[in-house]
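Feature annotations, reproduced from TrEMBL:
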{"type": "REGION", "residues": "1-228", "note": "region 'Disordered'"}
{"type": "COMPBIAS", "residues": "1-56", "note": "compositional bias 'Basic and acidic residues'"}
{"type": "COMPBIAS", "residues": "64-73", "note": "compositional bias 'Basic and acidic residues'"}
{"type": "COMPBIAS", "residues": "88-103", "note": "compositional bias 'Basic residues'"}
{"type": "COMPBIAS", "residues": "112-143", "note": "compositional bias 'Basic residues'"}
{"type": "COMPBIAS", "residues": "144-187", "note": "compositional bias 'Basic and acidic residues'"}
{"type": "COMPBIAS", "residues": "188-197", "note": "compositional bias 'Basic residues'"}
{"type": "COMPBIAS", "residues": "198-221", "note": "compositional bias 'Basic and acidic residues'"}
{"type": "REPEAT", "residues": "250-291", "note": "repeat 'WD'"}
{"type": "REPEAT", "residues": "338-379", "note": "repeat 'WD'"}
{"type": "REPEAT", "residues": "380-423", "note": "repeat 'WD'"}
{"type": "REPEAT", "residues": "424-465", "note": "repeat 'WD'"}
{"type": "REPEAT", "residues": "475-500", "note": "repeat 'WD'"}
{"type": "REPEAT", "residues": "510-542", "note": "repeat 'WD'"}
Amino acid sequence: MMEEAKRNLKREKKEEREEGKRGEGEKQEEREEGKKKEEREEGKGGEGKKKEERGGGKRKKRQKKEEREEGKERRKRKEKKGTGEKERRKRKEKKGRRKREGKKGREEEERRKRKEKKGRREKERRKRKEKKGRGEKGRRKRKEEKGREEKEREEGKRGEGKKKVEREEGKKKEEREEGKKKEERGGKERRKRKQKKGREEKEREKERRREGRRRKEEKGNKGRMGKGMTTVAARLEPVTPLTIKTRKVLKGHQGKVLCSDWCSDKRHIVSSSQDGKMIIWDAFTTNKEHAVTMPTTWVMACAYSPTGSMVACGGLDNKVTVYPLSLDEDVTQKKKAVGTHTSYMSCCTFPYSDQQILTGSGDSTCALWDVESGMMLQSFHGHQGDVMALDLAPSETGNTFVSGGCDKMALIWDMRTGQCVQSFEGHESDINSVKFYPSGDAIATGSDDATCRLFDLRADREVAVYTKESIIFGVNSVDFSVSGRLLFAGYNDYTVNVWDTLKCHRLTILYGHENRVSCLKMSPDGTAISTGSWDFTLRIWS
């Protein structure tokens, strides 16, 4: 209220000042007009006086007009003052109304808040009462339960006491009866007991003999094939000393070499690497004929087609991609994505023709694809872990292949039905490589458990293990010589071990790589071996 009164006083003072200024302006105008009249009278002679007399009427008219205008202006000012006062009164009234309304609204809000507080307090009181009631009910229930439990315990104790007395009486009666019976039976019971003991002992002896026979039969079944191989191998002449040396070193990859494969022309090699490149090599001259950059690193698998006119590769991109080879055009222009897995592609191969491709993947499956249409022709489900390696049976009429994976199993598949025909177990860790024996009657496997094993398909069992106590590193790749007498295995200790397949003896060790040997392939004619390593190089041995 005080602030509004001050503002009203300021406005009134301003209006008074403006009115004073207007009155001073009117006085100045009257003075100027008087001065003009005096000058006219003094400066002009008789003629001037006559003109003034003539123009006197006009001046009077003008003065009257001016007086009328001044009167009008004064009236307007008075009206303005009146309107200003009315506006001030209205403003004061509005302010008063607002103050009254604000006070009323505040009072109403305070009343509402008080009501809400009262309601909350009443609710809290009700809740407390309810809690107290519940607590009392719970106490009553607990007391009742305790009383029931105590009663039950007392009754149980009484019942147990009665039962004990009855049991003791029954035992005494039984003992008396048994004593009487024993006296009556006497030696008959003793004889029967002895007879029973003898029978039980005989039965136990029979069971022991049966178990011994079973164990002997199992041991004999396990060792039959191994003994047969060793006995047959003992009659064979030993393998002549081998002189295998490094003949060529292929340098060009900028990452770990992961996979390689020979072309059917016995001259070209395809290799894939961690650097994301696939290179076509001339093994005779060590020249690079093609270098293909893949969209991802870790190109884990590559393979030549049977005709040598195309190569396939794949890896962490989950795809198998085919590249037709030609010297005239860029290889990447005609590339074609054939199939896609749900995890990385670990291995691939062409089954007997350029029209189909077989792949293994980290999604625990194998798949057969049509190269032209990209359609999946058959899928193979059976592994419980990542599929790491594939190999086709040597005979084209067999329509079978073997796969090995991280579930420590090697499985034989029928490509026509998609079913698993045989399964072999025995390894203690992941299987990294599988290879068919040249005759197609057996398979070799290499594992992280530092062993290679030979499984016979006809006997449906393991027939040989290739290991030594000094070998503690895992096997990454295995392959046979053309005759099948030699088994080559690449290890994580940077070496290649050559084994006598029949005698299970290690014949020699090939040194040369500076990191683990990741892939190993025998040339189609059997005259050379190619090895790839994590030292970024490939080596040709012969």
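Glycine residues also receive a Cβ, built from the backbone N, Cα and C atoms like all the rest.
In terms of DSSP helix, strand and coil, the compositional bias 'Basic and acidic residues' (144-187) has 43 helix, 0 strand, 1 coil. Confidence for the repeat 'WD' (338-379), expressed as mean pLDDT, is 94.
Under DSSP, residues within the repeat 'WD' (475-500) fall into helix, strand and coil as 0 helix, 17 strand, 9 coil. DSSP assignment over the repeat 'WD' (250-291) gives 0 helix, 25 strand, 17 coil.
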